[in-house]
Amino acid sequence: ASNKTGFSPLTFILTGIPGLPMSNYWIAFPLSSLYLLMLLGNCTLLWTIKTDRSLHTPMYYLLSMLAVTDLGLSVSTLPSMLAIFWFESTSLHFDACIIQMYFIHSFSAIESGVLVAMAFDRFIAICYPLQYASVLTSSLIMKAAGVIFMRGVCVVLPVAVLIKKLPFCRSMLLSHSFCLHQDMLRLACGDVRVNSLYGLTAVILTKGLDSLTILLSYVMIVRAIMSTISHEARAKAFSTCISHLCAVLVFYIPLIGLSIIHRFGKHLHPLTHTLMADAYLLVPPVLNPLVYSWKTKQIHRRILTLLHWRG
């Protein structure tokens, strides 16, 4: 399909796992199991928080937002990945690729914002415990959720609009089983400076500022904890942050690794790119429910009671 500036491909060709045949059930079965585990874990988490009134607190409202975002992030990649490994279908229409790319990056930005809100929750709970109930009201949580959602939606929208206008006249082969902005951008044959600049600006204004905010929050949290005389109180305060810290590390480490590889690791084996991208999109939604269920006694007891009742 031609336009005024060049040629736009009708389809992109997605890549499975380099070095392995497309029709590989040893990959399809574990991948499907991961998606099922993700769906079961996050849906169980949401159901538990909804049905247990003792969990209707700001921390668990934020945890619900994290679970919904993880579901959205995983479902965004589900169709193309399962189509590759189950049905050997590697082609994806240009518009569908842009839509998938938009949802992946939007949910990623939303998840980053939720992690910031959860860091603020821990900061208030530890540094200003007496003001916790008056500061973190349900109204504030709802407003924060709206701001986080709108930021993720609006910041990524220009990325999709700008890449839609680019001409693509090179190879249509992408490096992953789904569409990412950096991966699509390298196939464009027009001037991508505006796209690259805005993409970098969007990352800095979302994940860059978010990571710095989380870091600053934990610096202040650690200072408050270390000023506590009681060792028992210190241990209890640290234990309330472990789940959130795990969620932050699980999200940001693959994200930073993927960004570095895309910009400076072009000489690396394609398998490295694939594994890092898969870890970035699949590992957090799978691990977050497990981490919070393990560390949060109310959720852990509720799930065990449910399993015992069904048994």
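Quick reminder: no glycine exception, Cβ is built from N, Cα and C everywhere.
Note: TrEMBL annotation is automatic and uncurated.
TrEMBL has this to say about the protein:
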TRANSMEM  25-48  transmembrane segment
DOMAIN    41-292  domain 'G-protein coupled receptors family 1 profile'
TRANSMEM  60-87  transmembrane segment
TRANSMEM  99-120  transmembrane segment
TRANSMEM  140-163  transmembrane segment
TRANSMEM  197-221  transmembrane segment
TRANSMEM  242-262  transmembrane segment
TRANSMEM  274-294  transmembrane segment
Long-range environment of the transmembrane segment (242-262) - Cβ separation under 8 angstroms, sequence gap at least 6: 66, 108, 111-112, 115, 118-119, 122, 182-183, 203, 207, 211, 214, 218, 268, 272-273, 276-277, 279-280, 283-284, 287-288, 291-292, 295-296
Contacting positions for the transmembrane segment (140-163) when only residues 6+ beyond its ends and CB under 8 Å are counted: 58, 61-62, 65, 98-99, 101-102, 105-110, 113-114, 117, 181, 184-185, 188, 194-195, 198-199, 202, 205-206
Any contact, the transmembrane segment (25-48) to the transmembrane segment (274-294), with at least 3 Cβ pairs under 8 A: yes
Positions on the same chain near the transmembrane segment (197-221), where near means CB under 8 A and six or more residues out: 108-109, 112-113, 115-116, 119-120, 122-123, 126-127, 151-152, 155-156, 158-159, 162, 181-182, 185, 237, 241, 245, 248, 252, 255, 259
Same-chain residue ranges lying at least 6 outside the transmembrane segment (99-120) that approach it to Cβ under 8 Å: 59, 62-63, 65-66, 69-70, 72-73, 76-77, 79-80, 92, 141, 144-145, 147-149, 151-153, 155-157, 159-160, 163, 178-181, 184, 202, 206-207, 210-211, 213-214, 217-218, 244, 247-248, 251, 255, 281, 284
Integer mean pLDDT for the domain 'G-protein coupled receptors family 1 profile' (41-292): 87
